[in-house]
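Structure first, commentary second.
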Amino acid sequence: MRVVLLGPPGAGKGTQAQLISEKFGIPQISTGDLFRSNISEGTELGLQAKQYLDAGDLVPSEVTNKMVEARLDEPDAAAGFILDGFPRTVDQADALAAMEEARGVTIDAVLEFRVPVEELVQRLLGRGRADDTEDIIRNRLNVYRDETAPLLEYYQNVLQTIDAVGTVDEVFARTSQALGR
């Protein structure tokens, strides 16, 4: 099973990805984790990513795409994976489609986790991170909306929307149902 998870910061993608990974025995692939591991291992891609992250910039798609592709080539991803935080743009979705085509596979499901904006703001404020002021959070949500909205159309044939309000178990029940399991 090959699954893409979409949703704004605070929607619970990481939590749901972890549960899907445990239930179906497929790896959760998070771009944040890929950045951290490549940086800590001192890989060429990690060094490139670090320059952008240290400057407070987004890592360019070219670097992110190469990291994801290398991760998809690892043996544990052969039977399936969950992508959490990738793709974020149509360009990245096109790159993923090319990776799939090269491997003779397709994405089985794209799940969009929806949560009302005010709920997201409260969830993110509740994390207690120093850099999570309400203004910064609202800006992150706007950036997400603007850059990711075109993906909803891109994936319209495989997209399923999940109501991500409720307990972790309630949302996972909806997620499992959407995956047909």
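Glycine residues also receive a Cβ, built from the backbone N, Cα and C atoms like all the rest.
Site annotation for ATP in Swiss-Prot covers Gly10, Ala11, Gly12, Lys13, Gly14, Thr15, Arg127, and the matching candidate from Gly42, Gly46, Gly56, Gly166 is Gly166.
For the AMP site, whose binding residues are given in the record as Thr31, Arg36, Asp57, Leu58, Val59, Gly85, Phe86, Pro87, Arg88, Gln92, Arg129, Arg140, the maximum C-alpha distance rounds to 29 Å.
Secondary structure at Gly14 (ATP binding site), as computed by DSSP, is helix.
Considering other CB atoms within 10 Å as the measure, the emptiest surroundings among the binding-site residues Thr15, Thr31 are those of Thr15. Comment: ATP site residues Gly10, Ala11, Gly12, Lys13, Gly14, Thr15, Arg127, Gly166; largest CA to CA distance 17 Å, whole number. Between the CA atoms of Gly10 (ATP binding site) and Val59 (AMP binding site) there is a gap of 20 Å, rounded to the nearest whole number.
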